[in-house]
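Summarising the annotation, TrEMBL assigns signal peptide to 1-20. Among the features that TrEMBL reports, disulfide bond is placed at CYS29-CYS234, CYS77-CYS87, CYS92-CYS98, CYS142-CYS224, CYS147-CYS207, CYS155-CYS170, CYS174-CYS183, CYS184-CYS194.
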Amino acid sequence: MALWHFSLLFLFSCSLGVQSARFTLQNNCQNTIWAGTLSGSGKPFLMNGGLELNSNEGVPVDAPAAWSGRFWGRTKCTFDASGKGSCATGDCGGVLQCNGAGGAPPVSLAEFTLDSPVDFYDVSLVDGYNLPISITPSVNNCIEVKCTSGLNQICPKELQLESNGVVIGCKSACLAFNKPEYCCSGEYNNPNICKPTNYSQVFKTACPKAYSYPYDDATSTFTCKGADYTITFC
Ligand SMILES: *[C@@H]1O[C@H](CO)[C@@H](O)[C@H](O)[C@H]1NC(C)=O
């Protein structure tokens, strides 16, 4: 009896004190995309890591309290009945359900750390860009992060990922040139030394609220409390 009472009280206080969140993955692109998700270390997988989203389809995905992880969109995928195949961008090792694998860059990311003690969220172009992506919190005074300008169309030639003459992704300078000043690695692994570059500025100009290089925190991280989030592709 006492134990039962305690459990009930425990459940009750959990539901009051710690929030879970609902993500809605919304595909506003003209084509089918395949959403991918990767959870932070020790956090449960959502939707087994990936699912197909038809044009104009929205799918709710519930995350437990204190979940962290990322979402991205994969383009031009083909999978067989067992869920094996490949995608032109964002591929996670050739499987529909990413189950712990990240998306191959260049890929635009929506990143979350929930209940820490507030929710932190951002759009990141640190791994480059493949699709327009936005985060819309359900709470009114929380900031919407939109990255909807067509970066593939204004991508510098040396960063373009092409397929059949069409630009399908825009690489980060780090990915394209693998230099410490672009990757903020080695002697540049320091926010006072690693600064925006002419390449990161292309991303920042197109998407001012998104991360354009690894130490872009000041203008790219947002917080909210008690919200659900819509992640919109295109
Ligand atoms: C960026 O600067 C480098 C030299 O520092 C130059 O070669 C390159 O063309 C510039 N790219 C853009 C997109 O401005």
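Positions of Cβ are set from backbone N, Cα and C atoms, glycine also.
Unlike curated records, TrEMBL annotations are generated automatically.
The two recorded residues, CYS98 (disulfide bond) and CYS194 (disulfide bond), have Cα atoms 32 Å apart. Looking at CYS207 (disulfide bond) and CYS155 (disulfide bond), their Cα atoms lie 13 Å from each other. Rounded to a whole value, the Cα-Cα separation of CYS92 (disulfide bond) and CYS183 (disulfide bond) is 22 Å. With CYS77 (disulfide bond) as the anchor, the candidate disulfide-bonded residues are CYS142, CYS147, CYS155, CYS170, and the one with the nearest CA is CYS170.
When the alpha carbons of CYS183 (disulfide bond) and CYS147 (disulfide bond) are compared, the span between them is 21 angstrom. On a Cα basis, CYS142 (disulfide bond) lies 30 Å away from CYS184 (disulfide bond).
In this structure, CYS183 (disulfide bond) is part of a helix by DSSP. The 10 Å shell around the Cβ of CYS77 (disulfide bond) contains 20 further Cβ atoms across the protein chains shown. Of all Cβ atoms in the shown protein chains, 27 besides its own fall within 10 Å of the Cβ of CYS170 (disulfide bond). Here CYS147 (disulfide bond) is positioned 19 angstrom away from CYS224 (disulfide bond), judged by their C-alpha atoms. Looking at CYS98, CYS174, CYS234, the disulfide-bonded residues in this record, the fewest other C-beta atoms within 10 angstroms of the C-beta turn up around CYS234. When Cβ neighbours within 10 Å are tallied across all protein chains shown, the highest count among the disulfide-bonded residues CYS29, CYS87 belongs to CYS87.
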